[in-house]
Amino acid sequence: MVPTVSSPACFALHPQVFIMTHVCIHWFRKGLRLHDNPALMAALRDCKELYPLFILDPYLYDQNRAGINRLRFLISSLQDLDCSLRKLNSRLFVVRGKPEEVLPKLFTKWNVTKLSYEYDTEPYSRSRDKNVTTLAEEQRIQVIYKISHTLYDIDRIIEENNGKPPLTYNRLRDIVKALGSPKKPIPAPTVEDMKNIAPFSEKHKPEYGIPSLEELGLDTSSLAEEIIPGGEQEALRRLDTYMQRTGWVCSFEKPNTSPNSLSPSTTVLSPYVTFGCLSARTFWWRLAEVYQGKKHSDPPVSLHGQLLWREFFYTASVGIPNFNKMTGNPACTQVDWDENQEYLAAWREARTGFPFIDAIMTQLRQEGWIHHLARHAVACFLTRGDLWISWEEGQKVFEKLLLDGDWALNAGNWQWLSASTFFHQFFRVYSPVAFGKKTDKNGDYIKKYLPILKKFPPQYIYEPWKAPRSVQQAAGCIVGKDYPKPIIEHEVISKKNIQRMKQAYARRPSGSTESPTKKQGVKRKAPTVVDLIQKKQKRS
């Protein structure tokens with residue numbers, strides 16, 4: 001259980017009446033919203049002056065770590081938050097620098113007596129927040145933090161599992177079932193809540209404004225159209241739109257969605273949940289309202305199930321040391337991955353010669369989002385399926401390019417898909433050719449993101465290297481000249497890599513999950529998410 005660091009801030013004249021004594025900073029980090037923000041409401045309870053603050057931390061928002069699409073989403077979210085605050089006669093203050101250096105200066109400059117923020121489970125954030133709390137308490141500043149980024153208190157889940165993170169989804173479900181439903185979200189503050197707080201002064205505007213991408217030193221000349229704009233209002237609008245589709249919500253099953261449809265087959269709310277523009281608890285309870293009295297799908301494949309997967313990986317990330325690394329990670333199979341910068345660059349830059357893989361990586365770079373099953377395909381291809389490159393390298397690319405790049409989910413899914421942790425059926429490999437054909441035989445997705453291939457007939461668009469020279473000429477694309485040849489031979493290398501994974505599993509310490517054996521004479525197809533989940537349920 002995460003404690004709240006606090007001391008009596010004021011005395012109550014009445015259970016609902018407080019003396020407004022504090023000068024407060026509410027430090028926005030991930031929770032870029034007003035709705036379901038208990039830390040903000042705790043700050044407002046006895047606050048006479050409020051400084052809503054966001055710090056552009058170079059560790060988190062360096063251009064080498066966060067790509068331009070991710071930064072654009074952040075800036076849009078900050079602009080939206082500022083707009084909402086101004087409707088409450090407040091505003092957002094934005095500064096740049098390390099929080100440990102910036103905050104003490106602001107404490108003094110603004111005569112701050114209280115600091116509030118949303119609790120964060122990431123290792124960097126825990127260390128940062130511990131340092132900031134120490135600095136604040138040295139200046140006799142009250143510090144309050146609340147849990148609202150996850151459905152549950154992650155430390156409580158681990159506590160209920162005898163101090164260890166549950167390593168199967170079913171075990172996590174059992175624990176949270178015993179804990180009961182997630183807390184209900186709280187409303188956003190109103191003008192009435194802010195009536196006793198001094199309004200902001202325009203004199204602060206130039207000094208603490210939200211920077212543009214150009215002011216952050218980014219070249220926006222080749223930036224694609226913003227398909228997924230950031231912000232709480234956009235998040236709530238999209239949520240409302242999807243919740244009106246009651247039949248779709250109730251029948252939603254993640255494995256039955258398409259990785260390569262031209263319009264998303266899922267909600268695409270993940271970036272908003274990642275940045276905290278949308279509260280996970282709000283999402284959960286809106287779904288519960290739709291489900292009420294209706295037949296609906298269940299976890300792990302339902303929309304509620306997707307939110308519980310998020311809790312699963314968050315819990316694992318807190319309970320497993322060095323969660324985003326192979327070395328020092330006790331749950332992770334130690335694999336002798338290759339270091340091949342040429343292969344890594346080809347994968348990252350959509351030059352593998354496999355159109356399905358390259359189209360996915362192109363969409364990722366252009367838009368900052370790809371379907372979960374598309375992530376499965378490119379992750380398997382980079383790691384155990386074909387290129388035999390460490391999942392840590394893929395993790396870095398996704399962290400930079402994905403709008404919903406979440407530290408815990410990113411690390412957890414890469415370990416899963418590389419068959420390093422959680423999932424161990426390493427002989428089940430996604431085909432970079434066959435998998436995409438299942439849901440897009442015509443190759444429309446490839447044509448959209450790789451227009452150089454748009455004139456290839458459907459029978460060749462997934463394997464253009466097999467097209468006769470005359471067909472390539474008619475399509476205006478010569479493989480090896482206008483589009484690369486495949487960098488590997490999938491049918492050969494995937495079999496070799498299965499043997500390499502067997503060797504890695506054989507080296508695991510005794511007591512680890514046994515290595516699966518493949519039945520002789522049985523040809524296995526690439527797994528769906530249902531296959532993966534069913535396998536996992538049988539093991540739990």
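Using the three backbone atoms N, Cα and C, a Cβ is placed for every residue, glycine included.
These features come from TrEMBL:
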BINDING   266-270, 306-313, 404-406  FAD binding site
DOMAIN    22-151  domain 'Photolyase/cryptochrome alpha/beta'
REGION    502-540  region 'Disordered'
SITE      Trp337  site 'Electron transfer via tryptophanyl radical'
SITE      Trp391  site 'Electron transfer via tryptophanyl radical'
SITE      Trp414  site 'Electron transfer via tryptophanyl radical'
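Overlay of TrEMBL feature records on the structure.
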residue	record	Cβ neighbours (10 Å)
Val268	FAD binding site	17
Ser270	FAD binding site	21
Leu307	FAD binding site	20
Trp309	FAD binding site	20
Glu311	FAD binding site	23
Phe313	FAD binding site	24
Trp337	site 'Electron transfer via tryptophanyl radical'	21
Trp391	site 'Electron transfer via tryptophanyl radical'	27
Gly405	FAD binding site	22
Trp414	site 'Electron transfer via tryptophanyl radical'	25
Alpha-carbon distance [Trp414 (site 'Electron transfer via tryptophanyl radical'); Phe313 (FAD binding site)] in Å: 11
Distance [Cα-Cα, Å, rounded] between Ser270 (FAD binding site) and Trp414 (site 'Electron transfer via tryptophanyl radical'): 17
Residues near Thr266 (FAD binding site) in space but at least six apart in sequence (CB under 8 A): Lys254, Thr257, His371, His372
For Trp337 (site 'Electron transfer via tryptophanyl radical'), the one of Val268, Trp309, Glu311, Gly405 that lies nearest, given that the binding-site residues are compared by Cα: Gly405
Nearest-integer angstrom distance between the alpha carbons (Cα) of Val268 (FAD binding site) and Trp391 (site 'Electron transfer via tryptophanyl radical'): 24
Rounded distance in angstrom between the Cα atoms of Gly405 (FAD binding site) and Trp391 (site 'Electron transfer via tryptophanyl radical'): 15
Nearest of the recorded positions (Leu307, Trp309, Glu311, Trp391) to Trp414 (site 'Electron transfer via tryptophanyl radical'), judged by Cα-Cα distance: Trp391
Rounded Cα-Cα span from Trp391 (site 'Electron transfer via tryptophanyl radical') to Glu311 (FAD binding site), Å: 21
Rounded to the nearest Å - Cα separation of Trp309 (FAD binding site) and Trp391 (site 'Electron transfer via tryptophanyl radical'): 20
DSSP-assigned states of the domain 'Photolyase/cryptochrome alpha/beta' (22-151) in counts, ordered helix, strand, coil: 57 helix, 31 strand, 42 coil
